[in-house]
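Student: As annotated in Swiss-Prot:
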- His75: active site (ACT_SITE)
- Asn148: active site (ACT_SITE)
- His194, Ser201, Arg203, Asn213, Lys237, Trp303, His305, Lys306: NADP(+) binding site (BINDING)
- Tyr358: heme binding site (BINDING)
- 1-22: compositional bias 'Basic and acidic residues' (COMPBIAS)
- Ala2: N-acetylalanine (MOD_RES)
- Ser9: phosphoserine (MOD_RES)
- Lys13: N6-succinyllysine (MOD_RES)
- Lys221: N6-succinyllysine (MOD_RES)
- Lys306: N6-succinyllysine (MOD_RES)
- Lys306: N6-acetyllysine (MOD_RES)
- Ser434: phosphoserine (MOD_RES)
- Lys480: N6-succinyllysine (MOD_RES)
- Lys480: N6-acetyllysine (MOD_RES)
- Thr511: phosphothreonine (MOD_RES)
- Ser517: phosphoserine (MOD_RES)
- Lys522: N6-succinyllysine (MOD_RES)
- 1-32: region 'Disordered' (REGION)
- 524-527: motif 'Microbody targeting signal' (MOTIF)
Amino acid sequence: MADSRDPASDQMKHWKEERAAQKPDVLTTAGGNPVGDKLNIMTVGPRGPLLVQDVVFTDEMAHFDRERIPERVVHAKGAGAFAYFEVTHDITKYCKAKVFEHIGKKTPIAVRFSTVAGESGSADTVRDPRGFAVKFYTEEGIWDLVGNNTPIFFIRDALLFPSFIHSQKRNPQTHLKDPDMMWDFWSLRPESLHQVSFLFSDRGIPDGHRHMNGYGSHTFKLVNGSGEAVYCKFHYKTDQGIKNLSVEDAARLSQEDPDYGLRDLFNAIATGNYPSWTLYIQVMTFQQAQSFPFNPFDLTKIWPHKDYPLIPVGKLVLNRNPVNYFAEVEQIAFDPSNMPPGIEPSPDKMLQGRLFAYPDTHRHRLGPNYLQIPVNCPYRTRVANYQRDGPMCVTDNQGGAPNYYPNSFSAPVEQRQALEHTSRCSGDVGRYNSTDDDNVTQVRAFYTQVLNEEQRRRLCENIAGHLKDAQLFIQKKAVKNFMDVHPDYGNRIQTLLDKYNVEKPKNAIHTFVQDGSHLSAKEKANL
């Protein structure tokens, strides 16, 4: 019934109730001038033409024409909330960052969950990795831990990221999602096997945002107060327990409630059922990194928990919904390069690429002064630097302080204790191909040891159900990769594909050689 709906459905009703004792505000233009009539446009007579002097109309339309800002190129569909992080265990022997300085310390945070490939209006229940980004408002500035709900990723080299995302989005001619593009890229880059296997497992469709884990995914460096450094990975374990959606339920919800994840999160917080996660770290010394059997900075691989156990750190609790979605969720900007002293990047190639890409896309989407937007502002510290001006500078622009450095007028100076950790680096400058690195050992362990028989069956069914729509030559390349992981893995998928291909023979296709010249149409079966 309309009188007993959930908090998200009753948002307008609750807003009115909260203002019950207040008189309605006076309607104004954007310039604050009172408006006498908002329902009828100004004309010459009841049937005459409009007048340019109707500033009520022009003010409204001019703003309406500019309401939309560029959509995020990835992670466009998302839900956000505000929270606090509380330290429960001492890790100061590893990290000097003040966010961890003593047990019981609380830090305000903002969190955004998202899908990756879909547009802003896409469904929350698609099979897709989920973004899990956390913004810590610390007294040493912003710390953005920008991760996913998976501990690994599809690629290990940042140069491939634009092509990878293009392959997951829409065909440039048809504007349709294209299984050929997706599986062609995945099959040509076997390092994607680990993430693809995770994606098509049960965890590929989480039950909303509250029932999934989060991971920093990358390898980071922690530095303690004595200048000693270790490598680190961050993990958020959901306190609500892991829950996933079946393929059938996900398909149903994508039609009945495409905003299922957003609604579920909003209602949980609105009713006081605050979701929480426990933060853990894994630690690896520099000496251990040198003897690690894989590249410890490879984003397509994990650190085994038996060798590098989880160390508890603290608790993240979501306890406030956004007051306004655009102001606090659409405009929030996460940047992996925002790191306070004590937290630094590792040589992880993907992380290194993101250090540039994320702030660059924010400057495009939100403007060069996006850090002045309230939700992005490092409000718990004083920003003092030599950056000035630019579009939409809405502060005092640091007044009359010098805008050059060095200077002789008591302007901001360096803090030597904030110097980065010194590390040794050597090698020949070059472009190093990592395609043939071990891409199967950890995937084999995932398939044979992590998954049970029923989970393996569903994994193979999910992969075959998606791969069947790709051309046969792409199917063959993909199956070969799965065979390399384990014969059972590849054989199961091939058996399912054989059935699909008999039921739905492939139609004629057109292919193009690399330089774009046209080839004659061929049957897919002959490729």
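Positions of Cβ are set from backbone N, Cα and C atoms, glycine also.
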Student: Hey, how far is Trp303 (NADP(+) binding site) from Ser9 (phosphoserine), Cα to Cα, in Å?
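Tutor: If we compare the Cα positions of Trp303 (NADP(+) binding site) and Ser9 (phosphoserine), the gap is 43 Å.
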Student: What three-state secondary structure does DSSP assign to Lys480 (N6-succinyllysine)?
Tutor: helix
Student: Pick the one among the recorded positions His75, His194, Arg203, Lys480 whose Cβ has the fewest other Cβ atoms within 10 Å in this structure.
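Tutor: Output over recorded positions His75, His194, Arg203, Lys480: least Cβ neighbours within 10 Å is Lys480.
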Student: So how far apart do the NADP(+) binders His194, Ser201, Arg203, Asn213, Lys237, Trp303, His305, Lys306 get, largest Cα to Cα in Å?
Tutor: 23
Student: Non-local Cβ contacts of His305 (NADP(+) binding site) (under 8 Å, 6 or more apart, same chain)?
Tutor: Gln282
Student: Along the motif 'Microbody targeting signal' (524-527), what average pLDDT does this model show?
Tutor: 42
Student: Return the single residue from the recorded positions list (Lys13, Lys306) that has the minimum number of other CB atoms within 10 Å.
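Tutor: The recorded positions Lys13, Lys306 were compared, and Lys306 has the fewest Cβ atoms within 10 Å.
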Student: Given the recorded positions Lys13, His194, Lys480, which one's Cα is the least distant from that of His75 (active site)?
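Tutor: Closest by Cα: His194.
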Student: Tell me, by DSSP, whether Asn213 (NADP(+) binding site) is helix, strand or coil?
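Tutor: DSSP assigns Asn213 (NADP(+) binding site) to coil.
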Student: Within 10 angstroms of the C-beta of Lys237 (NADP(+) binding site), what count of other C-beta atoms is obtained when all protein chains are considered?
Tutor: 16
Student: Pick the one among the recorded positions Ser201, Asn213, Ser434 whose Cβ has the fewest other Cβ atoms within 10 Å in this structure.
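Tutor: Least crowded of the recorded positions Ser201, Asn213, Ser434, by Cβ count within 10 Å, is Ser434.
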Student: Cα of Asn213 (NADP(+) binding site) to Cα of Ser434 (phosphoserine): how many Å, rounded?
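Tutor: Their Cα atoms are separated by 29 Å.
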Student: For Ser201 (NADP(+) binding site) and Ser434 (phosphoserine), what Cα-Cα distance in Å is obtained after rounding to a whole number?
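Tutor: That comes out at 26 Å between the alpha carbons.
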Student: Do any residues at least six apart in sequence from Tyr358 (heme binding site), in the same chain, have a Cβ closer than 8 Å to its Cβ, and if so which, in order?
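Tutor: Looking at Cβ-Cβ distances below 8 Å from Tyr358 (heme binding site), excluding near sequence neighbours, one finds Val146, Ala333, Phe334, Asp335, Pro336, Ser337.
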Student: Just to verify: the residue among Ser9, Asn148 with the fewest other Cβ atoms within 10 Å, which of the recorded positions is it?
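Tutor: Each of the recorded positions Ser9, Asn148 was scored; lowest Cβ tally within 10 Å is Ser9.
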